Amino acid sequence: TYHLSSPASISLTLWGSDPLRATSSSLSSSQSGLSSVALLVKRGRCKKVVVVAGAGISTASGIPDFRTPGTGLYANLEKYNVPYPEAIFNIDYFSNDPQPFFSLAKFLYPGGHRPNYIHYFIRMLHHKGLLLRVYTQNIDGLEKLCGIPDEKLVEAHGSFATASCHLCHTPYPSEECAIMSDNVPTCSFCAATVKPDVVFFGEDLPQKYFLHTKDFPKADLLIIMGTSLKIEPFASLVNTVGSSVPRLLLNRHAVGPFERVPLRRRDHMELGDLAETIRRFAEFLGWNGEIEEMMKDREALVGELCL
């Protein structure tokens, strides 16, 4: 059984190297990363692409990530009076005091944000027949909202789409959680708190997560974007592709194995603003116009459904 593990015991530098040195030294050697990987895709060398995504892909939609100093969710939890930031997603702490989570959940609950260009880039991979699967740490539902089909999506840390009693696991409709109200929902069977099926530290990962045992050995390209690679066991997935498989990190900072100097052969990274990087990648691939059109069509469809 795999549980979501708190980063408290995980080294900030997984490979023991200086992250600042890794960031600056490796960047110059990977300036052609985007164009090199785009060329592989255009030549038909990458037909089973796995994407690993974190909170950084949703910041352009107005959802703060967790760990950015000053602006991340974990840096702005003083008002919830939690003993340490990750406690708000700790199942034992939740059992004793669920109110901080339900207060924070108002800011994370799907419905108030729209998918951005990054989400549609991933959907375009599917549209082109190249996406094997996307593994997301996000609980905002934006991958699904942009039109990525369920069979191509693994929400590794769960979602707000369903709910259940955290103690007896009786399922409830997601509406029972009434996230946007000020009431904490309770189970009609055991009187414990009902929560969205978001995976907390100390809880089992969803069964679908274990598709990774088949997907990652099949992958011929791994794209990692918008993640700190701090939460296990999700973070270690990036090390389970074959040694000859190209890995492309698109991120603000070097993380995980990309902190090593020199980079592994066939590893590439492009650091900086993720939305800008993805647009450049799409331009190298010649997909920008199609993505823009896809965004307009989807937004029009979603708008009609909301009427």
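All positions are counted from 1 along the displayed chain.
Glycine residues also receive a Cβ, built from the backbone N, Cα and C atoms like all the rest.
Nobody curates TrEMBL annotations by hand; they come from automatic prediction.
Quick look at what TrEMBL lists:
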DOMAIN    24-288  domain 'Deacetylase sirtuin-type'
BINDING   Ala55, Gly56, Ile57, Ser58, Thr59, Asp65, Phe66, Arg67, Gln137, Asn138, Ile139, Asp140, Thr227, Ser228  NAD(+) binding site
ACT_SITE  His157  active site, proton acceptor
BINDING   Cys165, Cys168, Cys187, Cys190  Zn(2+) binding site
Could you round the CA separation between Gln137 (NAD(+) binding site) and His157 (active site, proton acceptor) to a whole angstrom and send it over?
5
Taking the binding-site residues one at a time (Thr59, Gln137, Thr227), which has its Cβ surrounded by the most other Cβ atoms within 10 Å?
Thr227
Whole-number answer please: how many Å between the C-alpha atoms of the residue listed as 'active site, proton acceptor' and Thr227 (NAD(+) binding site)?
13
Cys168 (Zn(2+) binding site) sits from Ala55 (NAD(+) binding site) (Cα to Cα, rounded, in Å) at a distance of 30
As a whole number of Å, the Cα atom of Cys165 (Zn(2+) binding site) is distant from the Cα atom of Ile139 (NAD(+) binding site) by 18
Same chain, not part of Cys165, Cys168, Cys187, Cys190: whose C-beta falls within 8 angstroms of the C-beta centre of the Zn(2+) site? Give them in sequence order.
His166, Leu167, His169, Thr170, Ser188, Phe189, Ala191, Ala192, Val194
Which of the binding-site residues listed here (Cys168, Cys187, Cys190) have a Cα atom within 10 Å of the Cα of Ile57 (NAD(+) binding site)?
none
What is the average pLDDT across the domain 'Deacetylase sirtuin-type' (24-288)?
89
Return the member of Thr59, Ile139, Thr227 nearest to Cys187 (Zn(2+) binding site) in space, with distance defined Cα to Cα and candidates limited to these binding-site residues.
Ile139
Distance from Cys168 (Zn(2+) binding site) back to Thr227 (NAD(+) binding site), taken between C-alpha atoms, in Å
33
Set of same-chain residues at least 6 away whose C-beta sits under 8 angstroms from Ile139 (NAD(+) binding site):
Leu108, Glu155, His157, Gly158, Ser159, Phe160, Pro196, Val198
Please report the number of other Cβ atoms within 10 Å of the Cβ of His157 (active site, proton acceptor).
22
